[in-house]
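Here is the structure we will look at.
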Amino acid sequence: MILLLVLALGLAGASPLGEYKECPPHSRPWQVNLHDGKMSCSGALIDRWWIVTSFDCALTAHRTIATLGDHDLTVEEGTEQHIPVAEVIVHSPYRSPLHSLTMVRLAQPAQFNQHVQPVPLASRCPQPGEICSVSGWGSTRPNHFEPQQRLKCITVPVVDDQTCVNTFPQYLYWSQHMVCAGRADTDNCMSNRGSVMVCGGQLQGVQWFNHGCKDPAHPSVYSKMCLYNDWIHQVMARHPPFETTTVSTTTRGRKD
């Protein structure tokens, strides 16, 4: 009941279409900040041991900390859980043209409370026109790459595949494992790896590619999470957590 209430409140607090706003504090309890002292990116907590993020966020395990329950990156609010990363599993091959996804295993389990909750995996695929919420700490201004201090949110419509293909960069390949969201006056141009897209209370996208704030008329591309449930469960089964564990970085392909 607590999780459902938090999810409902979180999506209800999303910004009006086309406008970036600060998320209501702690309204996205699944949002994770991954950082290694040099760079940071977003991810989604899906289990007390596991985070899913983009390939671009495949940081080195032994140097990376996952911060859960955060809102303002510059202030310790007392809600944060800072947990070392134990293992990083990259879905390969990357952009070949199939996948851009990484799973991160925590060295210690997350402690669920009102500020830290997992987001449910997708039980269906998103539909064109469906309105979703995207959140992340990335910059929303051109040529500014420093992370925002506070978590930002925007609501975006899912775009049909053909419209997305028509705006897709020639140097990337279109794949059925992608989903696009955004339009000319509402796009996710956050320069934040692993920004999270939630539709109807379910994890439907992790940012794969966007055109940046210089070109917001084109939709952003996300990994289509509804097609990755089998892979996610395979990774979790093959890499069982331990209360005390060594750290490593691993690359694994999908078992077909």
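The backbone N, Cα and C atoms fix where each Cβ goes, and this holds for glycine too.
In Swiss-Prot this protein carries:
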DISULFID  CYS23-CYS153  disulfide bond
DISULFID  CYS41-CYS57  disulfide bond
DISULFID  CYS125-CYS226  disulfide bond
DISULFID  CYS132-CYS199  disulfide bond
DISULFID  CYS164-CYS180  disulfide bond
DISULFID  CYS189-CYS213  disulfide bond
DOMAIN    15-237  domain 'Peptidase S1'
SIGNAL    1-14  signal peptide
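Considering only the disulfide-bonded residues CYS41, CYS132, CYS180, CYS199, the residue whose Cα is spatially closest to the Cα of CYS226 (disulfide bond) is CYS199.
In this structure, of the disulfide-bonded residues CYS23, CYS125, CYS153, CYS180, the smallest number of CB atoms within 10 A of the CB marks CYS125. In this structure the alpha carbons, written CA, of CYS23 (disulfide bond) and CYS180 (disulfide bond) are 22 Å apart.
Take the CB of CYS226 (disulfide bond) and look out to 10 A: across all protein chains shown you find 19 other CB atoms.
In the predicted model, the domain 'Peptidase S1' (15-237) has a mean pLDDT of 84.
Neighbour counts of Cβ atoms within 10 Å were compared across the disulfide-bonded residues CYS41, CYS132, CYS164, CYS199; the minimum falls on CYS164. Taking CYS41, CYS125, CYS153, CYS199 as the disulfide-bonded residues under consideration, the smallest Cα distance to CYS164 (disulfide bond) is found for CYS125.
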